[in-house]
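Features as listed in TrEMBL:
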- 38-55: transmembrane segment (TRANSMEM)
- 61-84: transmembrane segment (TRANSMEM)
- 96-116: transmembrane segment (TRANSMEM)
- 122-144: transmembrane segment (TRANSMEM)
- 156-177: transmembrane segment (TRANSMEM)
- 183-204: transmembrane segment (TRANSMEM)
Amino acid sequence: MFCSSNLGTLLISPSAVSVRPTFYQICKKKTAQGYHSIPYMVALSSAMMLLYYGILKTNAVLIISINVIGCAIEIIYLVLYIIYAPKREKVSTMKFILLFNMGGYGLIILLTNLLTEGSKRVTVMGWICAVYNVAVFASPLSIMRHVVRTKSVEHMPFSLSLFLTLCATMWFFYGLFVMDFFIALPNVLGFLFGIAQMILYVTYKNPNKDVEMQQEVDTELKLSSLEDANPCKADQQQEIREAC
């Protein structure tokens, strides 16, 4: 348990910081067009819920400390996104944060304090956190769909997928060792989604080279067929080949 929890502590920061190149590109280009804020908003909400869950539990210093760091990092990412996002995405992101991250979080805290108490409150928050964790791991589906549609992994860095997979694995074992299945079970889904993202990255990491090679092969075949049909125009075909 000690080993797994320490590895989880080490991995939570790299998994969050691994998207730093993405935001470096956003700041460099001064635009967030093509990127999505949903994964970061959902991740922030999940970290906030887990922070509250850790406060309600006993002996949950690891959960509290990691999610304090997670909240801070996600807030920084969202601020940068709002600064550089197009106007439409900027407005929708701010509305989502107000309604979902702040309003929804406050409502859940209010209801759990009014309607539950003691160990029952911890159980209810555990279920809520499990649902949020599933949402966090499912949120990259929009990015995965974008990758398949555009055949480009520009907006899905491999480092993020790798560290999310490693982090999900460590948290699964941590939850298993402390018998906290609200932590362990959602991370099974996180592992599967992480593997799927890495497979997509390997599949689409060099789509332009494949297209160029296919175009060159098609051009050679066309020129060869033209030469066979009309060998007297070999000089013209040579000029076409050089132009291509």
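From the backbone N, Cα and C atoms, a Cβ is placed for every residue, glycine too.
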Given 38-55, 96-116, 156-177, 183-204, the one sharing the most C-beta pairs under 8 Å with the transmembrane segment (122-144) is 38-55
Intrachain neighbours beyond the transmembrane segment (38-55), with Cβ under 8 angstroms and 6 or more residues off its ends = 61-64, 67-68, 70-71, 74-75, 77-78, 81, 93, 96-97, 100-101, 104-105, 108-109, 122, 125-126, 128-129, 132-133, 135-136, 139-140, 142-143, 182
